[in-house]
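Here is what TrEMBL records for this protein:
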type	residues	note
BINDING	SER10, HIS68, GLY148, PHE149, GLY150, GLY151, GLY179, GLY199, SER200	substrate binding site
BINDING	HIS35, ASP37, HIS68, ASP177	divalent metal cation binding site
ACT_SITE	ASP37	active site, proton acceptor
ACT_SITE	ASP177	active site, proton donor
Amino acid sequence: MGVSPKIAPSMLSSDFANLAAEAKRMIDLGANWLHMDIMDGHFVPNLTIGAPVIESLRKHTNAYLDCHLMVTNPMDYVEQMGKAGASGFTFHVEVAKENWQELVRKIKSAGMRPGVALKPGTPIEEVYPLIEGTTPVEMVLVMTVEPGFGGQKFMPNMMDKVRALRNKYPTLDIEVDGGLGPSTIDAAAAAGANCIVAGSSVFGAPEPGDVISLLRASVEKAQATT
């Protein structure tokens with residue numbers, strides 16, 4: 001399989017008062033990406049961070065900032081997120097059915113890597129056109145919980161979506177987010193996920209580095225057997 005494992009601790013679970021230190025700690029412990037949850041209080045009930053926080057954090061890290069935009073109008077965020085230093089810009093298919101081609105073009109021209117996310121209730125077929133378009137997305141994020149809150153339970157039935165994607169697109173980056181940790185990683189890795197977002201299971205662990213290593217090892221093991 002031509003896709004490398006990428007472990008992305010969800011900074012939503014970190015100590016926001018010490019975000020730069022937390023980011024450095026995660027990268028030092030072996031994380032590949034830092035997952036940033038941008039919520040607008042409309043698409044999801046929670047309100048988290050926006051471009052100013054990304055811009056502030058960017059001054060303290062060269063890490064890949066994997067930004068997941070749980071927002072109703074992703075187009076409004078492209079320019080500001082690009083300027084702030086976001087690395088990846090993942091929008092939700094549910095709010096981009098009309099204008100995703102223009103949105104993906106804008107994301108790329110702002111210097112970011114485009115990705116698309118889908119909620120648990122959204123059929124996987126809805127993202128296929130975005131992967132096969134003339135300007136395709138480069139990652140699909142399969143939500144394994146309802147977006148908007150941390151600490152929810154992993155939905156194993158979402159792994160059917162991951163399997164369908166992996167079978168159809170062997171070289172696609174497939175990310176999973178929600179309830180990922182030592183007890184659920186093997187199911188996600190076996191289904192074909194290679195980008196792993198983990199929040200409370202990493203930040204709540206006595207040794208977060210051990211959890212990051214375990215998540216990576218599970219993906220590598222699954223890839224070796226396919």
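Placed from the backbone N, Cα and C atoms, the Cβ positions cover glycine too.
TrEMBL labels come from automatic prediction, so no person has curated them.
Features as recorded by TrEMBL, highlighted on the structure.
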| residue | record | Cβ contacts under 8 Å, 6 or more apart |
| --- | --- | --- |
| HIS35 | divalent metal cation binding site | ALA8, PRO9, SER10, MET11, LEU12, ASP66, HIS68, ASP177, VAL197, GLY199 |
| ASP37 | divalent metal cation binding site | SER10, MET11, LEU12, THR48, ILE49, HIS68, MET70 |
| GLY148 | substrate binding site | MET39, VAL44, PRO45, ASN46, MET70 |
| GLY179 | substrate binding site | THR144, VAL145, GLN152, LYS153, PHE154, MET155 |
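Same-chain residues with CB within 8 A of the center of the HIS35, ASP37, HIS68, ASP177 CB atoms, the divalent metal cation site residues themselves not counted, are ALA8, SER10, LEU12, MET36, ASP66, CYS67, THR90, LEU141, VAL197.
Ranking the binding-site residues SER10, SER200 by other CB atoms within 10 A of the CB puts SER200 at the bottom. Counted within 10 Å of its Cβ, the other Cβ atoms near ASP177 (divalent metal cation binding site) come to 26, all protein chains included.
Every protein chain considered, the tally of other Cβ atoms within 10 Å of the Cβ of HIS68 (divalent metal cation binding site) stands at 26.
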